[in-house]
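Q: What TrEMBL records for this protein is below:
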- 32-121: domain 'PPIase FKBP-type' (DOMAIN)
- 149-163: compositional bias 'Basic and acidic residues' (COMPBIAS)
- 149-188: region 'Disordered' (REGION)
- 164-174: compositional bias 'Low complexity' (COMPBIAS)
- 175-188: compositional bias 'Basic residues' (COMPBIAS)
Amino acid sequence: MNEEIDLTGDGGVIKTIIRHAKADADAPTTDNPIVDVHYEGVLAETGEVFDTTHEDNTVFSFEIGKGSVIKSWDIALRTMKVGEMAKITCKPEYAYGSAGSPPDIPPDATLIFEVELVACRPRKSSNLGSASEERARLEELKKQREIAAATKEEEKKKREEAKAAAAARIQAKLGSKKVQGKGKGKAK
């Protein structure tokens with residue numbers, strides 16, 4: 001089982017690595033504070049998905065340490081490397097607290113996120129080259145996600161075909177046993 005890491009020392013933010021990054025992978029730094037993530041958030045109490053980037057195959061970008069996301073994300077993403085996927089369990093005081101975030105997140109909700117750090121990069125500069133580079137980078141990320149989604153869909157299709165073939169074989173065996181059993185009665 002994967003090790004749970006208490007990032008805050010009080011059980012408020014627990015990280016469980018699902019997939020490790022390569023050893024030489026980039027990590028967020030003061031020079032590369034902008035992160036791109038792919039995620040799905042669920043309510044711990046019900047397991048209900050309240051937000052995801054999986055449906056529209058997008059990434060969510062933000063700058064670490066600016067308070068633009070819940071506290072647990074600022075804490076957890078600082079510890080991740082590009083390519084890493086982790087489950088982040090966030091107690092209410094590190095998420096939306098007693099106010100919640102209606103209508104999707106009730107007050108005092110513990111949240112569980114599956115987060116993949118897709119990229120980290122420097123703040124945008126104002127030159128035109130960086131804008132076109134950013135577009136190209138986002139286009140490449142979109143292509144990678146589409147390839148991954150297509151591969152996943154193809155694997156699902158193959159599993160379904162294998163299940164159908166196995167069911168057909170079982171049905172054929174059952175059918176042949178019924179036919180064999182019909183002629184075994186005593187003759188008059």
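Each Cβ is built from the backbone N, Cα and C atoms, and glycine gets one as well.
TrEMBL: automatically predicted annotations, no manual curation.
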Q: Other than its close neighbours in sequence, what residues sit by the compositional bias 'Basic and acidic residues' (149-163), given a CB gap under 8 Å and a spacing of at least six beyond its ends?
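A: Those are 57, in sequence order.
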Q: Give the residue counts of the domain 'PPIase FKBP-type' (32-121) per reduced DSSP state, in the order helix, strand, coil.
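A: Summed over the domain 'PPIase FKBP-type' (32-121), the classes give 10 helix, 37 strand, 43 coil.
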Q: Quick one: DSSP breakdown of the compositional bias 'Low complexity' (164-174) into helix, strand and coil?
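A: Computed counts for the compositional bias 'Low complexity' (164-174) are 11 helix, 0 strand, 0 coil.
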Q: Which residue counts does DSSP give the compositional bias 'Basic and acidic residues' (149-163) for helix, strand and coil?
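A: The breakdown for the compositional bias 'Basic and acidic residues' (149-163) reads 15 helix, 0 strand, 0 coil.
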